[in-house]
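Novice: Below is one structure. I have some questions about it.
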């Protein structure tokens with residue numbers, strides 16, 4: 001009894017010596033990869049190859065070969081908190097700060113600025129860094145700032161009273177007295193002035209008594 005087999009039959013030779021060919025199979029074309037994915041891989045591979053070439057064949061940013069490089073964000077230098085540089089708007093506010101500073105012997109540094117001033121924006125970052133590091137030197141320094149343009153886009157009463165004509169301008173007060181004022185965008189000049197007015201006073205030199213000969 002002959003039963004039907006579900007397995008393919010092996011190729012047999014015909015009587016004429018030719019092998020019988022297997023039945024033709026239908027093949028379907030492979031769909032191309034998505035264009036967006038292709039661009040992502042190519043850009044990733046190029047980024048990885050450029051990173052490897054720069055780092056001597058290895059990844060310099062922690063990414064594995066063949067994978068997109070890890071983007072490492074540079075840590076920005078930490079600035080002082082907002083309350084470190086206090087902004088005042090009226091002459092009365094400035095007077096209160098100067099009075100408190102007089103009681104503690106602190107130096108008061110005031111930055112007069114204008115929002116549209118490029119040099120003011122430039123020195124602002126350095127001024128904030130000075131404020132943040134002021135406690136490291138053991139000296140008491142109070143940092144203030146004042147916008148010379150009021151909400152009506154006119155010169156403020158404080159700027160008018162103090163005759164502020166140029167910005168950025170820095171005032172240095174101690175014991176309620178204005179010691180120095182100058183316009184600058186040089187942080188080193190501000191540092192020099194702070195050090196000058198916060199340096200401990202040197203003790204007076206002891207006078208030598210003339211030796212008495214007996």
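Cβ coordinates are placed from backbone N, Cα and C, and glycine is handled just like the others.
Per Swiss-Prot, the features are:
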- 117: active site, nucleophile (ACT_SITE)
- 120: active site, nucleophile (ACT_SITE)
- 1-20: compositional bias 'Low complexity' (COMPBIAS)
- 21-34: compositional bias 'Pro residues' (COMPBIAS)
- 42-53: compositional bias 'Low complexity' (COMPBIAS)
- 117-120: disulfide bond (DISULFID)
- 72-199: domain 'Thioredoxin' (DOMAIN)
- 1-68: region 'Disordered' (REGION)
- 1-71: transit peptide (TRANSIT)
Novice: If you draw a 10 Å sphere on the Cβ of residue 117 (active site, nucleophile), how many other Cβ atoms land inside?
Specialist: 18
Novice: Mean pLDDT for the domain 'Thioredoxin' (72-199), rounded to an integer?
Specialist: 87
Novice: State the count of C-beta atoms found within 10 angstroms of the C-beta of residue 120 (active site, nucleophile), not counting that atom itself.
Specialist: 21
Novice: For the domain 'Thioredoxin' (72-199), what are the DSSP-based totals of helix, strand and coil residues?
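Specialist: The counts are 54 helix, 32 strand, 42 coil.
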